[in-house]
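Asker: Quick one: the structure is below, questions incoming.
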Amino acid sequence: MRLAGGCGQGPAGVAGGLRRALHLQWAALARRVDAGPASCKVNGLERQSSGTRKLSHNASTLIGMSAVLMWSASLGLIRSISEIFGATGGAALIFSASAMLATLAVGWPKVRELPRAYLLGSGSLFVAYEIALSLSVGMAHGRAQALELGMINYLWPSLTVLLATLMRQQRGSWLLPPAIALCFAGIVWVMKGDGDWSPALLWANMRGNPPAYALAFGAAILWAAYSVLTRRVGGGKNAVPAFLVVTALLLWIKYALSAEPALHVSLSGALQVLVLSALTATAYSCWNHGVQRGSITLLATASYFAPVFSALLASAWLGVRPGAGFFQGVAMVTAGSFACWWATRGKA
């Protein structure tokens, strides 16, 4: 075998030459270490390794951030799909297709190798979140309320920072409580719209569709808990395809037991399901990777701008024009979430 350098050596000769070269290099390095000044060389290797780890950490964070952009397009599609196939039937179709695409993309996880706390704990939170969010949007009394419920879901970034602080994954300053309060005030502002606010009016708004609002608030808490728990017990594993399959199965069971009408497939509905499923499968795999190997604080920071993107995209897709009060509330949620990050900045 002739190599590019022009030397005709057999595989054994090449391997022997490599071994001799490596032996000489390590011997020279050992002599320099014994001499003393070599410590700077060793430290240089350590610094290079540290830099590589930092680069991998940053890349994982960017991968996680890409999930936020994909999620921003989900709200409007979930609502339009539920209008075609029903709240439960539409969600079941979405997660069935998402499970297949996720399995093709990252493969089926080796369940026996997964940490039990991740498989059962994180898996339960993931499934519960998906069902809660999709059903809350599908059960909305109109597209305007679907936007409102979608914004409630965006309490999860601030709740993620709060839970990470309580679980001692992150330290926070005195700014954290008022920042979280601002997020909740923003949700109240979204729900009041352009009218005058009072506790009675807010309560009346929620009483008009209590299951949907309860599911929306519950979803925000569930996803924050999933993100924090997965970082602690995930061990770098990714069982998202399995979680999506369980989600789809439970939704199909609910659909079979419900009074929803039979599904009528249309080209428009099928295309929407395909697009949203691709976004869902990709986004959750990216987020799972990011929260385990990247910066959970920076991921939460990126997600703080998701309410703005989501509101704009959903409004355009659904043909809804919310009033100024709605977008003022969205801005308050975004600002409060960003303040949560600021309260924990540099305190990891």
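Positions of Cβ are set from backbone N, Cα and C atoms, glycine also.
So TrEMBL lists the following for this protein:
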type: DOMAIN; residues: 212-338; note: domain 'EamA'
type: TRANSMEM; residues: 59-78; note: transmembrane segment
type: TRANSMEM; residues: 84-106; note: transmembrane segment
type: TRANSMEM; residues: 118-140; note: transmembrane segment
type: TRANSMEM; residues: 146-167; note: transmembrane segment
type: TRANSMEM; residues: 174-191; note: transmembrane segment
type: TRANSMEM; residues: 211-229; note: transmembrane segment
type: TRANSMEM; residues: 238-257; note: transmembrane segment
type: TRANSMEM; residues: 263-284; note: transmembrane segment
type: TRANSMEM; residues: 296-320; note: transmembrane segment
type: TRANSMEM; residues: 326-344; note: transmembrane segment
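Quick one: where do these features end up spatially?
Answerer: Proximity of distant same-chain residues to the transmembrane segment (59-78), defined by a Cβ-Cβ separation under 8 Å and at least 6 residues beyond the stretch ends, is recorded for 90-91, 94, 133-134, 137-138, 146-147, 150, 272, 275-276, 279-280, 282-284, 286-287, 289-295, 298-299, 302-303, 305-306, 309-310, 313-318.
Among residues of the same chain six or more beyond the transmembrane segment (84-106), those with a C-beta under 8 A of the stretch's C-beta atoms are 78, 130-131, 134-135, 137-139, 238, 240-241, 244-245, 247-248, 251-252, 254-255, 258, 260-261, 263-264, 266, 268-269, 272-274, 276-278, 280-282, 284-285.
Beyond the ends of the transmembrane segment (146-167), by six or more residues, the same chain brings 75, 78-79, 133, 136-137, 140, 176, 179-180, 183-184, 187, 190-191, 212-213, 216-217, 219-221, 223-225, 227-228, 231-232, 296-297, 300-301, 303-304, 306-307, 310-311, 314-315, 318, 320, 322, 326, 329-330, 333, 336-337, 340-341, 343-344 to within a C-beta distance below 8 angstroms of the stretch.
Beyond the ends of the transmembrane segment (174-191), by six or more residues, the same chain brings 148, 151-152, 155, 158-159, 161-162, 165, 197, 202, 205-206, 325-326, 328-337, 339-340, 342-344 to within a C-beta distance below 8 angstroms of the stretch.
Within its own chain, the transmembrane segment (211-229) is flanked in space by residues 117-118, 121-122, 125-126, 128-129, 132-133, 135-137, 139-141, 145, 149-150, 152-157, 159-160, 162-164, 167, 169, 287, 291, 296, 299, which lie at least six positions past its ends and keep a Cβ under 8 Å from the stretch.
Outside the transmembrane segment (296-320) by six or more residues, the chain places 61, 64-65, 68-69, 71-77, 79-80, 143-144, 146-147, 150-151, 154, 156-158, 160-161, 164, 169-170, 227-228, 231, 287, 290, 326-327, 330-331, 333-334, 337-338, 340-341, 344-345, 348 with a CB less than 8 A from a CB of the stretch.
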Asker: Restricting to the same chain and to residues at least six past its boundaries, which positions have a Cβ under 8 Å from a Cβ of the transmembrane segment (238-257)?
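Answerer: For the transmembrane segment (238-257), the list is 86, 88-89, 91-92, 95-96, 98-99, 102-103, 106-109, 111, 114, 118-119, 122-123, 126-127, 130-131, 134, 280-281, 284-285, 288-289.
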Asker: Over the span of the domain 'EamA' (212-338), how high is the average pLDDT in this prediction?
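Answerer: Mean pLDDT across the domain 'EamA' (212-338) comes out at 89.
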